[in-house]
């Protein structure tokens, strides 16, 4: 009995049909790149200080000294959330007293920004922060905005697979594109922060659903050899292209509503893709819609210039194939033995902390020295060589060492940021980008590594659980950025330390390179450096002489 890949092998691997599907599905990911990171500019916090109304009768000297100073990054700057009590300094101004000469400013009573704030417009003309004053006592709302977007991403990752299984890959792909584009457009008309945030969470649901379904559709249509290229370089590289486009839009459009409109419009260009992207033949077969699946393959063969067999799918053969029942599995199977539980816990930590590093570095771009638009572009650009490097390393080297190696690289250079003199800002930016390179490379390898560690029976569940852990990491990441308001170096110290720590933990994983994928839980390799309880002589013999074939990658 042949499987699906054997049935359609006559199509070849890289004909016009496969190239069309590869590039169209990859291109559909571009809006995900700029929508996913748009919060960097939509919720940017410009320099600000308390507003001193023009109606207050102050001399020019007292107006210039109405804001207390504080030391920040080694220089004196006006405080962002405090001012001298206006009634007091107005009296001093009326008496003709001079600040700093007749009055000791350090002894003056201070008050909060009772009349609002004035914001610098050097970088942003308007953001949701300036529109709804998400600063000082309300500055906690800014990271929460981003976290709730990723909560939407987490929810979307739950439902996207189930929806595509029920209604089909193609319909759900375009429906979730519509959700992402439509609700992004509705966000433009937000009247308050609460409305914006709820809509942003829905956009997050649409964004990840679009990504996941495009990923599934590509892996089901493309052949095995192209499937790896699509999942590692295709979708990831086009996501990075969208990421790089974002700062170009933001540079020329500095009003958040107009920027959001500009980022929404490209989603309309995905509409014509409906007539070029087919439904997944695999899904159609699973729904017993054999004729529709055969029509798609016939069109693909015609596009590739290949003569297709008269009958491609034998209903009896496929019915027999679909009738095979898999053993039911439960989440507790990932913790069935001490060894499996250890691998699962370490995998969850690896995914979550790597995700924290990736998203914290991406979202922390506004806090870097220099031009925020250039830094954001570089942050997206550095991902392209990171993905290519990961792809090349996965082809030739053991998984544990390459993942640990790039994590050590990323964490190490992030820890070096704290020793760079303040005058060498370009060095700090370079180190941060090198750190992003390492973390991004590691992140892109995790799907392959996790899939190779677990047996077929629980592989999808394991990847799903660890992927959920990465969503939790993305929810936490904005608060690492938030710590930068207290100390500019603190996020890098924490991210660098955690990245090095998870790199060390990676060395305790079993190696999966060149090893046949396990088919059941008993074939899973043992964690290195851990004792998994007492073993019988028989079980010890099995571990010393495992029945696992070593194959070339």
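The backbone N, Cα and C atoms fix where each Cβ goes, and this holds for glycine too.
What Swiss-Prot says about this protein:
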TOPO_DOM  1-20  topological domain 'Cytoplasmic'
TRANSMEM  21-41  transmembrane segment
TOPO_DOM  42-142  topological domain 'Extracellular'
CARBOHYD  57  N-linked glycosylation site
CARBOHYD  64  N-linked glycosylation site
CARBOHYD  91  N-linked glycosylation site
TRANSMEM  143-163  transmembrane segment
TOPO_DOM  164-171  topological domain 'Cytoplasmic'
TRANSMEM  172-192  transmembrane segment
TOPO_DOM  193-197  topological domain 'Extracellular'
TRANSMEM  198-218  transmembrane segment
BINDING   218, 219, 220, 221, 222, 223, 224, 225  ATP binding site
TOPO_DOM  219-232  topological domain 'Cytoplasmic'
TRANSMEM  233-253  transmembrane segment
TOPO_DOM  254-257  topological domain 'Extracellular'
TRANSMEM  258-278  transmembrane segment
TOPO_DOM  279-339  topological domain 'Cytoplasmic'
TRANSMEM  340-360  transmembrane segment
TOPO_DOM  361-373  topological domain 'Extracellular'
TRANSMEM  374-394  transmembrane segment
TOPO_DOM  395-400  topological domain 'Cytoplasmic'
TRANSMEM  401-421  transmembrane segment
TOPO_DOM  422-428  topological domain 'Extracellular'
TRANSMEM  429-449  transmembrane segment
TOPO_DOM  450-462  topological domain 'Cytoplasmic'
TRANSMEM  463-483  transmembrane segment
TOPO_DOM  484-488  topological domain 'Extracellular'
TRANSMEM  489-509  transmembrane segment
TOPO_DOM  510-553  topological domain 'Cytoplasmic'
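Feature map: Swiss-Prot annotations on the structure.
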| residue | record | Cβ contacts under 8 Å, 6 or more apart |
| --- | --- | --- |
| 57 | N-linked glycosylation site | 90, 93, 94 |
| 64 | N-linked glycosylation site | none |
| 91 | N-linked glycosylation site | none |
| 218 | ATP binding site | 21, 22, 25, 26, 227, 230, 231, 234, 235 |
| 219 | ATP binding site | 227, 230, 231 |
| 220 | ATP binding site | 169, 280, 281, 282, 283 |
| 221 | ATP binding site | 18, 21, 278, 280, 281, 282 |
| 222 | ATP binding site | 18, 21, 22, 230 |
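Remark: of the binding-site residues 223, 225, the most isolated position is 225 (fewest other Cβ atoms within 10 Å of its Cβ). A sphere of 10 angstroms centred on the C-beta of residue 224 (ATP binding site) encloses 10 other C-beta atoms.
Within the chain carrying the transmembrane segment (21-41), a Cβ under 8 angstroms from the stretch's Cβ atoms is held by residues 124, 127, 145-146, 149, 173, 177, 180-181, 184, 200, 203, 207, 210-211, 214, 217-218, 221-222, 226, 229-230, 234-235, 237-247, 249-250, 256, 259-260, 263, 266-267, 270, 273, 276-278, 362-363, 365-366, 372, 376, 380, all 6 or more beyond its ends. The stretches the transmembrane segment (233-253) and the transmembrane segment (172-192) are not in mutual contact, being linked by fewer than three Cβ pairs under 8 Å (pairs 6 or more apart in sequence). Excluding 218, 219, 220, 221, 222, 223, 224, 225, which define the ATP site, the same chain contributes 18, 226, 227, 230 within 8 Å (Cβ to the Cβ centroid), listed in sequence order. Proximity of the transmembrane segment (198-218) to the transmembrane segment (429-449) is not established, fewer than 3 Cβ-Cβ distances being under 8 Å for residue pairs spaced 6 or more apart. A coil conformation is recorded for residue 57 (N-linked glycosylation site) in the three-state DSSP classification, outside any helix or strand. If one looks beyond the transmembrane segment (143-163) by at least 6 residues along the same chain, the residues whose Cβ comes under 8 Å of a Cβ in the stretch are 39, 43, 128, 134, 172, 176, 193, 196-198, 200-209, 212-213, 216, 359, 363, 464, 467-468, 471-472, 474-479, 481-482.
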